[in-house]
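The ATP binding site annotation in Swiss-Prot covers Gly172, Gly173, Ala174, Gly175, Val176, Gly177, Lys178, Thr179.
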Amino acid sequence: MRINPTTSGSGVSTLEKKNPGRVVQIIGPVLDVAFPPGKMPNIYNALVVQGRDSVGQPINVACEVQQLLGNNRVRAVAMSATDGLTRGMEVIDTGAPISVPVGGATLGRIFNVLGEPVDNLGPVDTSTTSPIHRSAPAFIQLDTKLSIFETGIKVVDLLAPYRRGGKIGLFGGAGVGKTVLIMELINNIAKAHGGVSVFGGVGERTREGNDLYMEMKESGVINEENIAESKVALVYGQMNEPPGARMRVGLTALTMAEYFRDVNEQDVLLFIDNIFRFVQAGSEVSALLGRMPSAVGYQPTLSTEMGSLQERITSTKEGSITSIQAVYVPADDLTDPAPATTFAHLDATTVLSRGLAAKGIYPAVDPLDSTSTMLQPRIVGEEHYETAQRVKQTLQRYKELQDIIAILGLDELSEEDRLLVARARKIERFLSQPFFVAEVFTGSPGKYVGLAETIRGFQLILSGELDGLPEQAFYLVGNIDEATAKAMNLEMESNLKK
């Protein structure tokens, strides 16, 4: 943790014992601290408990002030384990909120909630820090233009386009390709937009965080040889950490992303996995602070906490933060206050389907379940909108016919329906795409497909011009020209076999 939120601070060593307090009560991760009269810290100030435990090991626990109790006492939430703390230990008020390192030096590194590196690669080579608590950009600073954020992934750009500076909910179970999709987006924004990414692991499994780091190194998203050329900074607050850390780790990641947007004037991708855990941690802290619970046991400040995080994720005249948030839905109940509050902030939803993953169609994005508020003719244009609607209609009709096909077979369908089914199967396969980050295990070179190329390809399939090509020619290709070339190769191979 950096104490001084300026470009000159040199970390915790700058602590001065000008305003010491004493621990008077410890209840799990919550501490009550007494300060001298007239020396009370502000809400959100970082406190540091220093001392030695019963076996002489040094203790250095950072806390954040949450309540002023009266009688010169404050209640603070610890950001790390409170094991070994005792009443009477000295507490120092740092005079500022938790501040974390920001800038290019954070790329390729893993941090905890306090901005301390946890990857055993030494200290972070920067003195620039920023406080994790700040206001959302003023209305006059916002960029209100509605523009599409091109990802180079066909199914996303055509059917559920992302808004530049928007928020996208990513829904998917285990093993359907969520991590690979996240890594491809990180890779594509770096190549096409010259942007960077920040990944906030909020209350996730330590194993998953480790897997993601290893996969990013394998795929080149994190460059081990030259760490400065990496495209992503990772911030983790895992499941085993106290609720204070899980509640604030999202703000740490967001603070790093804001610096890239506001100072470096870049487009930034911010991943939060999982936004539900942010709410869950807030609920735990709220109960520990003695607040009256609200609906379903959630904190009464749920909407305020969510709003203060989400409103900072936006486009300004300098750059944009586009956020992709994994959303866990407890017991599949979309009316639960946690997902319901999240939905109010989302511009698009990307739903990953286990059925498509089972067919081997990757990315396994469900074209009918995924939605976007950007898919309107006045925003994307008539051509894009019409093509997307026709693709959805074709796939919906194919879905309706599948029961008949399963019972009676294709031959019982009318000529018109048989043609529609053939085109729908081509569309389904053409929605698949080889990924750059998956090259290591598929052997197929990755493809970035521009939006204009994507629209042209689907228009050709819908018009019937490609009815004569086999459907396997459309599987795992980039643009439509590759599909026609693949069809010719398949034909040549079959002729040689004869």
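Just so you know, glycine gets a Cβ as well, placed from its N, Cα and C.
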When you measure from the Cβ of Thr179 (ATP binding site), how many other Cβ atoms are you left with inside 10 Å?
-> 19
For the binding-site residues listed here (Ala174, Val176), which one has the lowest count of neighbouring CB atoms within 10 Å of its own CB?
-> Ala174
Protein Cβ atoms within 10 Å of Gly173 (ATP binding site), excluding its own = 11
Other than its own, how many Cβ atoms are within 10 Å of the Cβ belonging to Gly177 (ATP binding site)?
-> 20
Ranked by the number of other Cβ atoms within 10 Å of their own Cβ, which of the binding-site residues Gly172, Gly175 ranks first?
-> Gly172
For Lys178 (ATP binding site), the nonlocal same-chain Cβ neighbours (under 8 Å, six or more residues apart) come out as Leu170, Gly172, Ala326, Leu352
